[in-house]
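A.B. asks: For reference, the structure I am asking about is given below.
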């Protein structure tokens, strides 16, 4: 018999108004105090693991009771996970620590379908959860003989008043610089577009010597930070059907093994070369990210090679340890890995339902865990075009568990599924006794799969995102939603204020809204004449690194000008050459759209 015991958090809901406290996450000026008491729920007589597979907590947030459900992230580590550091005389020291009974969880809030959670339960509860659309952080208070925790919002963490930080990627596209009609002519098969089937990235994270000195030589603190970051990465990338397996970390505890300089570009190039010539020879993996404590020149906090996943010297990124809040660093790393997966920076016409999206070139006031519609489309195109083999297939498990053991919840050679023991199996498609799919199973996952069977023909599987898009429906013969299609490019939309372009209706008003907020409108025509200057800020396009001035008829296809409370000719500029420019496909005159810095007839543009 299973003895079910509640896990309770008793809350004293009294925010310390006007006071502040120094936590690992920084100086917090408004928080609530939570007292946690945990009791396990196990079969009678069972050996209690240090950290249970599932846990439940009851707590109050803003005086309202909530129930937090947590489930251990069993796919966080690969079974051949290793850790490497270096002795003072430079000797490589590699260990293979046991990681099965780890303390990193994902979760949700009961009765809140949009909720998420990423929590470390190693020493109290540390992490974040999303409740009713708002993100809260929880962290243990360092009080003697106390189980007190602080609950607070990101906005209550004091931040330095500094210029906005940016991604250092300036390459605008991994595809050829062809006319914009190329995107509308993409043709992919149903098999090629199976981007919604899970991919697996085997990740190695390296910490440079500055990370060691920043943390006073405490390698355990660096390891914990990396674990929490990767746990968050898994939460983020599941929306792209990607799982991140940490196969190793390496800490340059004695000296940097590649050049880490103030130049982010040089650091990336050196790290990529070292990864391809040294690291890959001793540790199999798909992607490597360098976590550094250096403060790069300019506004850069991260950089990566675009469309480079699986490439020997280029499947890398460099991320600055910009914040003590691990969610912020994880979002930066997710951004750079997004570039590795062929995703470019978001423009004004991209949206994710939040204030900002992961691939925004400038770090947001509120860290976002959401990829935009543009990011999802770019990732799908990349998968279809490049077919990066190292992530298309689930990693072989021969190096993880051998021989295969049915019932251990690991999919191994010879198994079609593995949902655990017959008592614990929750997968209706899987026969837990044999680790084979039931004979009647038609599918396991996909937008057109429900309870192991294909959804009926005509069932909508992808809603139209705009009047320029087309809703897709299941065929009844496949688990996959048909290829994302959209209305003909150049068709008028939004009451003739714009023309359809790849399923969207890009107009300047929406782009101003995205850049400056709801009070912004499109500036007067005279503002756009600045684009004839061809200087650092105002131009139509770049050619061989040179800013090309706009011809008079093209001025509305260069820098975007918006009327704001601050200025009638307001604009945005950053190191990213696309940021703040008028989006391709935007109406620039009656019957004309922007195409690579030119205002051309809509009939010839597509």
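Even glycines carry a Cβ here, placed using N, Cα and C.
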A.B. asks: According to Swiss-Prot, 469, 472 bind Ca(2+) 3; which one of 450, 484 is annotated to that same site?
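C.D. replies: Answer, per Swiss-Prot (Ca(2+) 3 site with 469, 472), from 450, 484: 484.
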A.B. asks: What mean pLDDT score does the domain 'Disintegrin' (403-489) have in the model?
C.D. replies: 85
A.B. asks: Far apart in sequence but close in space: which same-chain residues, 6 or more away, have a Cβ under 8 Å from residue 310 (disulfide bond)?
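C.D. replies: Within the chain, residue 310 (disulfide bond) has Cβ neighbours under 8 Å at 286, 388, 389, 390, 391.
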A.B. asks: Cα of residue 469 (Ca(2+) 3 binding site) to Cα of residue 259 (N-linked glycosylation site): how many Å, rounded?
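C.D. replies: Each residue's Cα considered, residue 469 (Ca(2+) 3 binding site) and residue 259 (N-linked glycosylation site) end up 47 Å apart.
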A.B. asks: Nearest to residue 474 (disulfide bond) by Cα distance: which of the binding-site residues 202, 335, 339, 345, 484 is it?
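C.D. replies: Checking each of 202, 335, 339, 345, 484 against residue 474 (disulfide bond), the shortest Cα distance is to 484.
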A.B. asks: Which recorded positions (429, 519, 594) fall within 10 Å of residue 512 (disulfide bond) by Cα distance?
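C.D. replies: The recorded positions passing the 10 Å Cα test are 519.
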A.B. asks: Measure from the Cα of residue 562 (disulfide bond) to the Cα of every one of the binding-site residues 335, 339, 345, 472, 484, then give the nearest.
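C.D. replies: When the Cα distances are compared, 345 comes out closest.
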A.B. asks: Here the disulfide-bonded residues are 350, 419, 588; which one has the lowest number of other Cβ atoms no more than 10 Å from its Cβ?
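C.D. replies: Among the disulfide-bonded residues 350, 419, 588, the sparsest Cβ neighbourhood within 10 Å belongs to 419.
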A.B. asks: For the recorded Zn(2+) site, enumerate neighbouring residues of the same chain (Cβ within 8 Å of the Cβ centroid of 335, 339, 345, site residues themselves excluded), in sequence order.
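C.D. replies: Leaving out the recorded residues gives 167, 169, 304, 306, 336, 338, 343, 344, 358, 359, 361.
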